[in-house]
Amino acid sequence: MAPRWALPAGLVLLVLLLSPAVRGDKPLRGGPSGVGAEAQASSAVFPLYGDVYPHGMYYVAMNIGNPPRPYFLDVDTGSDLTWLQCDAPCVSCNKVPHPLYRPTKNKLVPCVDQLCASLHGGGRHKCDSPHQQCDYEIKYADQGSSIGVLINDSFTLRLANASVVHPSLAFGCGYDQQVGSSGEVSPTDGVLGLGSGSVSLLSQLKQHGITKNVVGHCLSLRGGGFLFFGDDLVPYSRATWAPMARSAFRNYYSPGSASLYFGGRSLGVRPMEVVFDSGSSFTYFAAQPYQALVTALKGDLSKTLKEVSDHSLPLCWKGKKPFKSVLDVKKEFKSLVLSFANGKKAFMEIPPENYLIVTKYGNACLGILNGSEVGLKDLNILGDITMQDQMVIYDNERGQIGWIRAPCDRIPNDNDIHGFEEGYRMPQFPGIIGLPNEDYPAYYRSNKA
């Protein structure tokens, strides 16, 4: 949920807090508008950029404003609010890939708007005047924060039914970011909040009748992948499903509690409450399952591996010669399995490539971290590393979370969007999101050429 560019690899967004704040101004009427709800819901597919290591995030390009301008947004299923660093004017902003978004007063969402109430937790928030703007403050467990104002502007989306829509959606204009050094360059312009709250873009698109309240992502182990809104891509009959559980840790996507197995045997820890969070690069276990896992790993290691210090992550090993990829070392480790109590045969296998990285020093490092050391207490987060090469679906229509192994380095054919089980093609970026080639990250162009 937090802007991860300001943190070392692996120390990422964690817990989102929203606190009310109101300042006076004179905006025009806010709220979503512009697209009729009577239109049949479709789907939209977007290419993703980035990776777990070394970039530490997956992000998407979104066209916002009129005329549409591209912005890179950190994909975060662990928070609701989408926001951009913006010139309102900016009090404290990082350097970002694109010129700062510049809002106008007629785009401001008023304090009395229902979305503003939702942003502040659904309770009563003080509005001294109907003309006051909707201010917010987001605080993260990593001590990062963003202060801004809620605004409306158009998003340009190309849908699977070949139409292009321009809904006016509410999002945050962040003018005061306290994240890392203001001099460092961020790989993204902001955050794409895809939680289940009503201020989420996903919920707003549902209200417009553009897509169903379903979002999914497929994060490639080799970098990149794809994101989709709507249910046309969802392989309902083949995926593993578990009902969404109400999390004790705010409004996260959670399939409930799970038992943990390593190499086919139980690690003997109490059931873990698990949440899925694409805004976290790595996976975090609470103290008890983390220690049990580390003990099991060390007790099962080949003598060819030696523990070594590597500043990338806390626990790393070296081999007789430097590893080039996780595939070189996966045979030395066993798979983990999470068995979810809420689902019918809802198992998630976590093979070594979904919990290890190979660093630039050629060492293999554990990508599961001790959440208690960063204030997560008993919360267990499945981050990007564990969700790689899986299609993960958050179906708010049916109240369920699904997953299935998938070739995430190829985007499904937009001429046959139902072809998840049939045809793929390599990303044709300009045809999908309408951006010139120079707007793509240079490293992605070189890796995917």
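Every residue, even glycine, has its Cβ placed from backbone N, Cα and C.
Copied over from TrEMBL, here are the features:
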type: ACT_SITE; residues: D76; note: active site
type: ACT_SITE; residues: D277; note: active site
type: DOMAIN; residues: 58-404; note: domain 'Peptidase A1'
type: SIGNAL; residues: 1-24; note: signal peptide
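On the backbone, the CA of D277 (active site) and the CA of D76 (active site) stand 7 Å apart. Its Cβ taken as reference, D277 (active site) is surrounded by 27 other Cβ atoms within 10 Å in the chains shown. Mean per-residue pLDDT, taken over the domain 'Peptidase A1' (58-404), amounts to 93.
Counting every protein chain shown, the number of other Cβ atoms lying within 10 Å of the Cβ of D76 (active site) is 27.
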